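Structure record follows, encoded as structure tokens.
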């Protein structure tokens, strides 16, 4: 969905917005242009057409190629951990984002108008919003899974179905919360002659409650849950790292403390937590400007200037960047935490007591938590 949702007409001076409060039919024309200081800048879909097409094509290629590499990498793994399962789910979501959201936007920017039938308009908008929710809720599921892995490790090992249940819930909520999109959006003719797949509001005032609800469901509530989960995880790791020093000091070299094996955290799990946190930070960096701009814009807190219109064009493409960045993060972390067995055997004789202890812990886990 575009960052700038304004559809009302501006007066000639560009100082205010004149809205018709009476209900309109789905086919009524509306203005879809920005007027800044008396100059018309055109619609979002025609402005900076070449620049937007180049940007979207680059994002599309990086998204599809990058996530294809991730999916191939996880498919080749003989031992698939729960972390690998979530990485796969995230890559699938990002791949569909590239095919449905980015590729559709490329076609839309190229034609300028929406040339498909009204039904296609509604379905495309619905799928775009589904992926919007899913990309966030998969991260929420990942944070809950990491919380159980660190805080309740023994229950975590016994609950193999939890990961799949979390993903099913994430996708189910995504499809459910996106249903209003089928009613809200439709194909309509704008007053400047363009035909767009746009909201069928009677006037712009409906955008404010709609975008507020979407922002909370897609961003603020999930981000709160994620922050709480990882806050507890980081605190647990810090406490157990202190316990580690006490346990090691009471163990003579060559012995393994069973209490350590049961209670402390492997390097692989900590690496997985670091990967997860970086993924979350990338999500925040790409999506925060989008929702912040939309909220300020819909509450009329931004000036009607040329700069605001330029910002809306740039910010609109930031969410797509998230799907292109995630595979790069995976590649960085996977190369640093995946060790061939041959190298482990050659280094076995040079292992310290701490390294032998951690290796023993990994052997007693039914599914080691590496990416």
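Using N, Cα and C of the backbone, Cβ positions are placed for all residues, glycine too.
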For this session: Go through the topological domain entries in Swiss-Prot and note whether residue 51 and residue 190 share a side of the membrane.
Result: yes
Problem set entry | From 24-44, 192-212, 213-233, 234-254, the residue range that Swiss-Prot assigns the feature transmembrane segment | 213-233
Seminar exercise, completed: Quick tally over 124-144, 165-185, 213-233, 276-296 of CB pairs under 8 Å to the transmembrane segment (83-103) gives the top stretch as 124-144
Problem set entry | For the transmembrane segment (165-185), distant same-chain residues with Cβ under 8 A (at least six beyond the ends) | 85-86, 89, 121-123, 125-126, 129-134, 137-138, 140-141, 144-145, 197-201, 210, 217
Seminar exercise, completed: For residue 121 (disulfide bond), the number of neighbouring Cβ atoms whose distance to its own Cβ is within 10 Å equals 19
Exercise. List, by number or range, the same-chain residues at least 6 past the topological domain 'Extracellular' (104-123) whose CB is under 8 A from its CB atoms?
Worked result: 43, 45-46, 49, 52-53, 56-57, 60, 181-182, 185-187, 194-197, 320
